[in-house]
Amino acid sequence: MQAIPIFLILSLLLSSSYAAVQDFCVGDLSSPDTPSGYTCKKKVTVSDFVYSGLGAAGNTSNIIKAAVTPAFADQFPGVNGLDISLARLDLAPGGVVPLHTHPGGSEVLIVAQGTICAGFISSANAVYFKNLNKGDIMVFPKGLLHFQINSGGSPALAFV
């Protein structure tokens, strides 16, 4: 019977562990924003994990009749490094979020008020769209072109 070298055993053990080095990295907004996010704050409080900026409606008096209020690391340092972000989407009647894409992540849209026609285009050029109502959820896969339109007669609100 042949002995298994210790370096092989150690490399297998180390490569099979995906444990996080740290639980979180609340962003230090006084440091530069890098492609991997902000450096970690040294002193963290519960306030770093709470954000109240999505309670007020955005200004939809613009050409697209839409407002996106972000809760990204710049506004909400607790999401820094977690690979998530949030936003509030306000759409006046006839409002639209034109075709756009997010190459780095998928998006989930949750309709809180009104009716929103939402959809995306697959890489095979198939179009998937539907009128969504309060409580409906739609996912837009990573990197695919997608859009939202207020297809009702009253203001619409969604969280993405």
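Cβ atoms are placed via backbone N, Cα and C, with glycine included.
Caution: TrEMBL annotation is automatic and unverified by curators.
TrEMBL lists 1-19 with the feature signal peptide. Look at TrEMBL and you will find C25-C40 tagged as disulfide bond. Summarising the annotation, TrEMBL assigns domain 'Cupin type-1' to 52-160. Positions annotated as Mn(2+) binding site by TrEMBL: H100, H102, E107, H146. Here TrEMBL flags H102, E107 as oxalate binding site.
For the disulfide-bonded residues shown (C25, C40), fewest C-beta neighbours within 10 angstroms: C40. One way to see the shell of the Mn(2+) site is to take the Cβ centroid of H100, H102, E107, H146; the remaining same-chain residues with a Cβ within 8 Å of it are T101, F120, F140, L144, L145.
Calculated from their C-alpha atoms, the gap between C25 (disulfide bond) and H146 (Mn(2+) binding site) amounts to 30 Å.
Among the binding-site residues H100, H102, the residue whose Cβ has the fewest other Cβ atoms within 10 Å is H100. When Cβ neighbours within 10 Å are tallied across all protein chains shown, the highest count among the binding-site residues E107, H146 belongs to H146.
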